[in-house]
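Here the structure comes first, spelled out in structure tokens, and everything after it is commentary.
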Amino acid sequence: MFKFNDEKGQLKCSFCGKTQTQVRKLVAGPGVYICDECIELCTEIVQEELAKDEEVEFKDVPKPVEIREILDEYVIGQDNAKKALAVAVYNHYKRINSNSKIDDVELAKSNIALIGPTGSGKTLLAQTLARILNVPFAIADATSLTEAGYVGEDVENILLKLIQAADYDVEKAEKGIIYIDEIDKVARKSENPSITRDVSGEGVQQALLKILEGTVASVPPQGGRKHPHQEFIQIDTTNILFICGGAFDGIEPIIKRRLGEKVIGFGSEKKNADVNEKHVLSHVLPEDLLRFGLIPEFIGRLPVIANLEPLDEDALVDILTKPKNALVKQFQKLLELDDVELEFEEGALIEIAKKAIERKTGARGLRSIIEGLMLEVMFELPSRKDIEKCILTKETVADNAAPKLVLQDGTVLDTKTSA
């Protein structure tokens, strides 16, 4: 313990020995002084210890209706998928709270398959679920995975991403959510098992089986391939919720063929024509996934199948404007920081939606379209102090015309911002 003061009579911190002139604040107690730096250090130590002792529990898991309501704030449409996800997630964490057994009845895990076109909201739904539940969340790309012994990522690297998202708190990671994207890309190339190796297809499905079902996996802390004499992080995947998403391009004819066969048998081609193109995926069954190329054991690990519909023009316009973090609101906020008001005319929003449909990118392509439209504006406006308002019109999107700019004196410019 340091003396309270030095030879010059200056007060000192009793812990680090710094004088009152070397620190911002010195707090006095009964026979002791402590500086602001030591207080901050002590606070960090206490918080770390409390975080370690805090057991990860889910006593107040939102009810399915509440989960759906929160999803509605961020994701437009897709009501059936939201309901399926809300129920599956609620049951999953209810199962964790019950320690997987109720009166000796073991509750099985319900991983989820999300099937829908690109840009329909699969990843956003999974991300929002993790945010609602405040659990670690990781996204993995199935196309980068290969089975053990081949060039590519081991499936255990998926778990490493979750551990990293949990700041290496393994107990917390063991109750997280992993979203595996592009799972349709690991379908085997034909319905019949082949004697040749399918390194990026069936082999990956086989490798994923154990972690989907629940196992204690050994994860290399630095990622990459496993090798002998290496330290591993042990993680139990029993309570990790896996959501596997994919576009499953080409599954529609499989579904139509089955629907035709089941309904009238001979002459099913005619019946297929009556199936609503937009709602084909709503009829998907495990047997369709089997014909598509997923192996039976893998399908069995994904008992909940939720489909997402393609987004139409109205849905895309709603996505641009209605969610809490809608793109229009984001760009309006960006320009507001430069003291400029941004307005999107209704015609502009409709044209943006049409472009996204033409490009077949769904909601995912909306940002890139707006970024392209706003490039010149966002380049010029920070240097222009005379502009009060920027208006994107139908012509701005459809004909690549310059946005309307309103000056502070009310003058409207229809030319480029450099005018």
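Keep in mind that glycine also has a Cβ here, set from the backbone N, Cα and C atoms.
Taken from Swiss-Prot, the feature domain 'ClpX-type ZB' covers 1-54, and the record attributes it to sequence analysis. Feature annotation from Swiss-Prot assigns Zn(2+) binding site to CYS13, CYS16, CYS35, CYS38. Marked as ATP binding site by Swiss-Prot on the basis of sequence analysis: PRO117, THR118, GLY119, SER120, GLY121, LYS122, THR123, LEU124.
Distribution of Swiss-Prot features across the structure.
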{"residue": "CYS16", "record": "Zn(2+) binding site", "Cβ within 10 Å": "14"}
{"residue": "CYS35", "record": "Zn(2+) binding site", "Cβ within 10 Å": "24"}
{"residue": "CYS38", "record": "Zn(2+) binding site", "Cβ within 10 Å": "18"}
{"residue": "PRO117", "record": "ATP binding site", "Cβ within 10 Å": "18"}
{"residue": "GLY119", "record": "ATP binding site", "Cβ within 10 Å": "24"}
{"residue": "SER120", "record": "ATP binding site", "Cβ within 10 Å": "27"}
{"residue": "GLY121", "record": "ATP binding site", "Cβ within 10 Å": "29"}
{"residue": "LYS122", "record": "ATP binding site", "Cβ within 10 Å": "27"}
{"residue": "THR123", "record": "ATP binding site", "Cβ within 10 Å": "16"}
{"residue": "LEU124", "record": "ATP binding site", "Cβ within 10 Å": "20"}
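The binding-site residues examined here are CYS13, THR118; by Cβ neighbour count within 10 Å, the least packed of them is THR118. The DSSP secondary structure for CYS35 (Zn(2+) binding site) is strand. Summarising model confidence by region, the domain 'ClpX-type ZB' (1-54) averages a pLDDT of 79.
Under the DSSP three-state reduction, THR123 (ATP binding site) is assigned to helix. For CYS35 (Zn(2+) binding site), the nearest of the binding-site residues PRO117, GLY119, GLY121, LYS122, LEU124 in terms of C-alpha separation is LEU124. Taking CA atoms as the reference points, GLY121 (ATP binding site) and CYS38 (Zn(2+) binding site) are 48 Å apart.
Looking at THR118 (ATP binding site) and CYS38 (Zn(2+) binding site), their Cα atoms lie 52 Å from each other.
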